[in-house]
Amino acid sequence: MSSSPTESEILPKESHNSIDEQSQQPANTDTLVKDNSFNEQDDQEVDNDYKSNDEPVQSQDPISPNMASNESGNSENTSNYGSSRDENVYQKTTLWMGELEPWVTEAFIQQVWNTLGKAVKVKLIRNRYTGMNAGYCFVEFASPHEASSAMSMNNKPIPGTNHLFKLNWASGGGLREKSISKASEYSIFVGDLSPNVNEFDVYSLFASRYNSCKSAKIMTDPQTNVSRGYGFVRFTDENDQKSALAEMQGQICGDRPIRVGLATPKSKAHVFSPVNVVPVSMPPVGFYSAAQPVPQFADTANSTVFVGGLSKFVSEEELKYLFQNFGEIVYVKIPPGKGCGFVQFVNRQSAEIAINQLQGYPLGNSRIRLSWGRNQNPIAAPALNYQSQVSQTTIPATSLFPAMSLPPQAQFSPYPAVAPSPLALQTRGAPIGMEISIGSPALVPDQMHIPENGNSDTMPVPNTQGKHLSAEE
């Protein structure tokens, strides 16, 4: 069994800036630009809205005018807004307004537009669970001319605040109750999104080129609202979807080129558990490849994840954002120019879940590969020190038992982990002072102080230079 890459093999003890070129395998330089397909069912956390007609669960709502009427968190009666108008006229009188602060209310938005001389009706979309605004709303103006005039305020300061207007034309639905069958929707996957890119940026990029673009959604962590670096864009025209797949590959959004791929229809998407956590005992459901299996004789004190295939554009802060959703982090290290990094968690279970769920995750312009590293800042109990010491030496193979790089642990073997016994018995063929039992390799000292009568009231003191014996020695 080959040993896992360690930070000490990559980062010399005296300095983290000096790298041994032979200590690390070349980083995975396969980019994602050539991969033009993505199955939405492969994703760890496909939003429920893309799998069924149910409301999204604890996630930021997409920039979707059509979904405004489905948002149950806002109960005001707006079903008659513009109900007698022609669809084309309606689309020219309603604007989407985004990037709203959590404290923003409908009354505040209405007051802002009234200050600018606009009579408006506002529907603020709220999170159905928290009651807070979802970061966007729809504003209906008295006429197409008024709406067009209001669009000129895009990226200009909002009166009384230090924020800017973020405006766009609503592509349908808006303040009216409108039911559109999602069977006629066509989605694409959008990956490699920069952390500073929001849904407005993604929606604007696609809506400026494709008239049928109706919504954009960036997947975020439900607790922290931190972007996961990917999302989905919906179209009502299949031709626009196909054109976007062919034309938008590598287009710049924010400060990075994006990757697009075909998303599997929601009817084929796999439904995950409500908490979006896969038990460690279950088969891996990683992004692109099978998750790293936990070694049978694993060091139960290890909570460090080795991250390979890192893009040079990825920073330690971005890596921390990605992994912090799985548990409390001790530290994050990215050695310069090596295309890899290390993430140490407080709990081993957090590391196991991260390895299972983030294997092959698209980050930057490559897919990361995960495996077990070794703790550089041990936080485990002292009782595991012996196991850590033994793991440094490989036990030689015998005709009966294969070679092992770690001793059997209690949870994997009928034999408990064995340390040198203070009252060890003499066994034929074995050094004095040590008992050898099958399945329980022991650390045998080179020298032990034994009284001539063979009895001692004190534990033999082993030399620090020890060796391992197999069952045959």
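Residue numbers in this text run from 1 along the chain shown.
Just so it is clear, glycine is given a Cβ too, placed from its N, Cα and C backbone atoms.
If you look up Swiss-Prot, you'll see 10-19 marked as compositional bias 'Basic and acidic residues'. Taken from Swiss-Prot, the feature compositional bias 'Polar residues' applies to 20-39, 55-68, 453-467. The feature compositional bias 'Low complexity' is assigned by Swiss-Prot to 69-83. Taken from Swiss-Prot, the feature domain 'RRM 1' applies to 95-165. Sequence annotations record features per position, and here Swiss-Prot assigns domain 'RRM 2' to 188-260. Annotation comment: Swiss-Prot describes 305-370 as domain 'RRM 3', evidence class sequence analysis.
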### DSSP residue counts for the domain 'RRM 1' (95-165), split into helix, strand and coil
18 helix, 22 strand, 31 coil
### Averaged pLDDT score, the domain 'RRM 1' (95-165)
87
### Query
Which numbers of helix, strand and coil residues does DSSP report for the domain 'RRM 2' (188-260)?
19 helix, 27 strand, 27 coil
### Helix, strand and coil counts within the domain 'RRM 3' (305-370) (DSSP)
22 helix, 21 strand, 23 coil
